[in-house]
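Trainee: According to Swiss-Prot:
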type     : residues : note
DOMAIN   : 1-85     : domain 'PDZ'
MOD_RES  : 78       : phosphoserine
REGION   : 82-166   : region 'Disordered'
MOD_RES  : 96       : phosphothreonine
MOD_RES  : 103      : asymmetric dimethylarginine
MOD_RES  : 111      : phosphoserine
COMPBIAS : 126-135  : compositional bias 'Polar residues'
COMPBIAS : 144-157  : compositional bias 'Basic and acidic residues'
REGION   : 186-226  : region 'Disordered'
MOD_RES  : 247      : phosphoserine
DOMAIN   : 280-338  : domain 'LIM zinc-binding 1'
DOMAIN   : 339-398  : domain 'LIM zinc-binding 2'
DOMAIN   : 399-457  : domain 'LIM zinc-binding 3'
């Protein structure tokens with residue numbers, strides 16, 4: 001545990017909330033910090049344990065006593081805090097390959113499981129191994145041991161693309177054993193070592209190059225993991241906006257003159273309106289194209305025939321839009337299909353703001369107080385006008401009368417004596433008993449229980 005001392009200069013609010021206490025059998029700790037508050041600027045963190053308040057041991061204080069102690073500090077608050085050290089994981093030992101890795105050498109013409117073996121066939125009396133270019137014969141004393149070696153062949157570690165013995169037997173039975181075995185190719189490549197003796201003459205077999213392992217593209221993370229303000233933005237009492245962009249015009253593809261196409265068109269034999277897949281035919285006039293042409297929406301056009309269906313402008317350059325089978329230039333498409341701004345009633349041709357089930361220009365949807373564009377941030381509605389979070393909290397935010405903290409969305413609160421209170425802050429000013437749902441008295445805007453109704457405050 002790391003203990004330290006923090007001194008905050010007054011006046012209140014101090015910018016933090018407490019949780020726990022002797023009455024809860026939980027040590028006092030910091031449960032919440034006000035962003036940019038005095039406690040946050042002094043380095044206090046959520047979860048820090050409170051050891052003492054102005055020199056008094058906090059372990060013997062109840063929750064209410066700790067709050068009263070903090071309120072009584074006036075212009076200077078001294079806190080003794082303790083912070084748990086993060087647990088560091090033990091360093092892992094690096095895995096090092098063995099000094100002398102095993103080497104394998106196979107005969108060039110040997111193939112794995114050339115002929116299928118029935119499961120009940122007796123094993124051979126001895127086995128043949130090849131090591132460093134020499135043949136070694138090892139007798140097998142017992143047939144059951146050989147059978148055990150065959151059965152445990154599938155248990156050996158193999159590359160991810162390797163096939164088991166049972167799978168190769170099945171490939172032989174189904175007639176697919178001619179297919180190349182990736183396991184055999186992998187073992188051949190990994191076991192190539194220089195030989196001192198002259199190799200036996202064998203036919204050269206070209207080896208295919210296997211592509212290296214590809215790094216999988218990272219999957220898109222969910223928004224609540226990427227955006228740290230996701231939860232705050234979509235709180236129940238907030239409204240969010242969505243930014244989109246108006247459709248961008250497509251561009252036709254120009255193709256240069258091709259001699260083979262011109263010759264095929266001039267050679268005759270096909271009708272003027274037919275298209276055999278080699279000769280381009282204009283989709284507008286249905287005539288063979290003998291020169292430059294454009295390709296758009298899967299059809300070929302004479303450059304002068306590809307025009308806007310509304311104004312007749314040639315669309316060879318500048319892009320176009322397609323809507324319900326008709327082609328439009330960008331200006332005609334904006335006039336006819338672009339959405340209108342809910343404020344200025346003009347067409348929106350750039351970024352579109354979606355808010356309150358309407359569309360807006362980005363510069364038209366602004367905070368009613370600071371006139372700053374809200375863009376893709378959360379906002380509050382008050383009397384039919386949008387406000388950014390900062391101005392809304394400044395103008396309409398509700399604070400607790402007891403602890404002077406803001407009452408956030410989801411907090412339980414009550415209204416009494418003309419003020420708002422957290423449910424845990426509405427207590428008797430003398431004995432600190434909770435007065436929620438109970439009869440109480442007031443003196444100098446402070447709640448009192450029945451027992452202290454006539455006490456001096």
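Here the Cβ of each residue, glycine as well, is placed from N, Cα and C on the backbone.
Remember, it's a predicted structure, so these values are computed and weren't measured experimentally.
Please go over these features one by one and say how buried each is and what sits next to it.
Mentor: In the three-state DSSP assignment, the secondary structure recorded for residue 78 (phosphoserine) is strand. In the shown protein chains, 14 other C-beta atoms lie within 10 A of the C-beta of residue 78 (phosphoserine).
On the 0 to 100 pLDDT scale, the domain 'LIM zinc-binding 2' (339-398) averages 88 in this prediction.
Residue counts for the domain 'LIM zinc-binding 3' (399-457) under DSSP, split into helix (H, G, I), strand (E, B) and coil, are 3 helix, 18 strand, 38 coil.
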Trainee: Pull the DSSP breakdown for the domain 'PDZ' (1-85) and write it out as helix, strand, coil residue counts.
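Mentor: Computed counts for the domain 'PDZ' (1-85) are 19 helix, 37 strand, 29 coil.
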Trainee: Counting Cβ pairs under 8 Å that are 6 or more apart in sequence, does the total for the domain 'PDZ' (1-85) and the domain 'LIM zinc-binding 3' (399-457) reach three or more?
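Mentor: Yes, these stretches are in contact.
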